[in-house]
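Here's what Swiss-Prot has on this protein:
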type	residues	note
BINDING	CYS394, CYS397, CYS425, CYS428	Zn(2+) binding site
Amino acid sequence: MSDQPVNTPELRPVLPFSFARAQQILLLQDESVTVAEVVCVPDTPALALLEARRVAGVPLAVSQVSPEEFERQLVMRYQRDSEEARRLMEDIGNDIDFYTLAEELPDSDDLLDGEDDAPIIRLINAMLTEAIKHKASDIHIETFERHLLIRFRIDGVLREILRPQRQLASLLVSRIKVMAKLDIAEKRVPQDGRMALRIGGRAIDVRVSTLPSNYGERVVLRLLDKNSVRLDLEALGMAEHNRRQLDTLIHRPHGIILVTGPTGSGKSTTLYAALSRLNSAERNIMTVEDPIEYELEGIGQTQVNPKVDMTFARGLRAILRQDPDVVLVGEIRDGETAQIAVQASLTGHLVLSTLHTNSALGALSRLQDMGIEPFLLSTSLLGVLAQRLVRTLCPSCRQPYVINDEQAQQTGLAAGTTLYHPGGCEKCNYSGYRGRTGIHELLLIDDTVRTAIHHGESELGIARMLGDKRITIRQDGLDKVLAGVTTWEEVVRVTKEE
């Protein structure tokens, strides 16, 4: 007997997972069933060893290991289905009824208790298919004391989809963790992973995040449908004057262009659209991202990795030694990255990046708070695009109405103006909205603004100086309200800070 882990990957576990875990015994056999090995702990019952001998039908080679090593072996061996599950999901069809499957699943305490994991795999297939059908960006699987809740984020808003059996929580979470190659035995710490799937012929990238909670693990799946996004400036919903000005900015030879907004406001899509416009054989375009969301042909993309100290700052330094013309930094999070980005722009590079600020003018204050001197900021910054995403009205069921005096006062429009509000039909799943579009504010750093920044003018001072020349996000949104693209309530929802 030894305490060394068995290292025979060609052997597969034979006993049901529930028995193996309860009795702390692993029976491993090859396809020819001529070789049988047992991995157990010193306290494994003799009856369990006899049962393993009976099932194997051949002599056993027994290895004793520590409880910790046994747990590791157990998880590793019973993750046998990870590749099989991936193959099962290689091309998920559209004929699976998510709701019926959830009702029909048998009760079970653990994903691997039975011989067949197919029902839970089918449920996950159906859940993913349903999410893609509704163009959901995220799936939330949340465990509470008395129920399990599945919600989809559709057009930026969470919607409850299903409340399946509470007992399904561990099955769903465990299977998803297996598919994302996470540690199913570790439930005390958050884990992150990803998987690539094909659903209805579409390539879907899924980012998986787990988080321990008081009633079990919560899981969020971020879905990235690589076929659904048009990476060009014309598809962003920009007003024509903003699009033309941004197009001019990104063709400047050097300087910094920033895109600001909260998480989920479409900043990455805007930057990728800009890179797609610039992408040519005459330019060396390089990125450092967290993570790489879209793979762009002809562009060198690097992903940050904190585990090996591959930060934005370190990646940016390395990129600048690769003779780039255009550099994309996924996000400026700290003063070090900001300083390197500014220096890069001053030495002949065009730098594109994002900041988490609510407005375009807020980017000026944020960079100065990070230690960028006003004279450097005024010299390097070309422009700042602030943006939000609003839901667009379903054109099949939107309904016109005439605003009253109170609504006129709220919107600043004339009483009697015709606007639209959501209806509800089969095409929009009775929500009244279908898809999203951007609303924007583009701050151009012209000579007037540059001088104000250089002299340390405040954010409020620059706003007053610009006056009516500044078209805010809310004003841009109001133009889309007048055009019947969205509603005033949607614009207010995403611009409350203004």
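For all residues, glycine too, the Cβ spot is worked out from N, Cα and C.
Projection of Swiss-Prot feature records onto the structure.
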residue	record	CB count, 10 Å
CYS394	Zn(2+) binding site	20
CYS397	Zn(2+) binding site	18
CYS425	Zn(2+) binding site	15
CYS428	Zn(2+) binding site	22
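In the three-state DSSP reading, CYS425 (Zn(2+) binding site) counts as coil. Listed in sequence order, the residues PRO395, SER396, ARG398, PRO422, GLY423, GLY424, GLU426, LYS427, TYR430, SER431, GLY432, TYR433, ARG434 complete the 8 Å Cβ shell around the Zn(2+) site centroid, once CYS394, CYS397, CYS425, CYS428 themselves are left out.
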